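Residues or ranges marked as active site, proton acceptor in Swiss-Prot: D67, H138. What Swiss-Prot records for N136, E143 is active site, for ring-opening step.
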Amino acid sequence: MKVLIKDNYDELSEVAALEILELIDKKPDCVLGLATGSTPVGTYQKLIEYYKKGKVDFSKVTSFNLDEYRGLNGEHPQSYKFFMNNTLFNHINIDKKNTFILDGLSNDIEKECIEYDKKIDNKGGIDLQILGIGGNGHIGFNEPSEELSISTHLTKLKTKTIKDNSRFFNSEEEVPTEAITMGIGSIMKARKIILLINGEVKAEIVKKLINGNVSTKVPASLLHLHPNCTVILDKEAAKFI
């Protein structure tokens with residue numbers, strides 16, 4: 001695991017965006033794994049800026065999102081489909097037919113999960129996976145547990161995750177209690193992984209991630225086992241390492 005510490009969030013976002021630009025330049029039809037939440041927003045804003053300057057072409061790019069809340073339709077302002085369209089896809093020339101996001105309203109979740117993993121495999125796998133980390137160490141919605149699911153699956157959200165995500169909703173009670181997420185195995189298949197972490201609020205979990213043991217109790221720690229993973233931190237997130 002390679003660790004980069006940048007001075008601030010803007011620099012962190014710039015480094016991540018340039019990694020994506022370099023990949024698209026080398027492989028215009030690359031497959032990106034994308035994350036939601038507040039951390040990657042700066043990276044997406046940088047990508048939009050580069051697109052508007054004519055420095056990147058997304059027309060052949062395919063993307064797969066990590067997760068989606070169970071029970072929210074794609075028009076709900078807190079669904080991850082809405083987030084991705086509003087934050088990135090509507091502002092670049094990516095073909096929406098090549099943007100894949102799990103269906104939180106699927107009547108057959110097991111089938112939805114199996115088919116999602118098949119779609120990734122049929123596209124040749126993910127070239128670059130962007131990740132954030134939860135305050136309890138989750139990646140995607142792979143929550144701390146005695147054991148972790150390998151493939152895409154339905155999961156119940158931990159109390160801390162619901163509380164952390166309540167800032168995006170009007171109240172904690174509105175936060176869905178379940179989500180569909182790519183599994184640890186699905187994530188680890190990516191040829192390259194970039195984990196973005198910013199802010200003092202993440203400093204404690206960063207200490208566990210970097211200095212602790214590999215454990216399913218800190219799902220992100222399994223990234224130590226990936227052959228090509230880079231963690232990009234700002235100084236606030238890195239204060240305890």
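Every residue, even glycine, has its Cβ placed from backbone N, Cα and C.
The local packing around N136 (active site, for ring-opening step), expressed as other Cβ atoms within 10 Å of its Cβ over all shown chains, amounts to 18. Distance from the CA of D67 (active site, proton acceptor) to the CA of H138 (active site, proton acceptor) is 12 Å.
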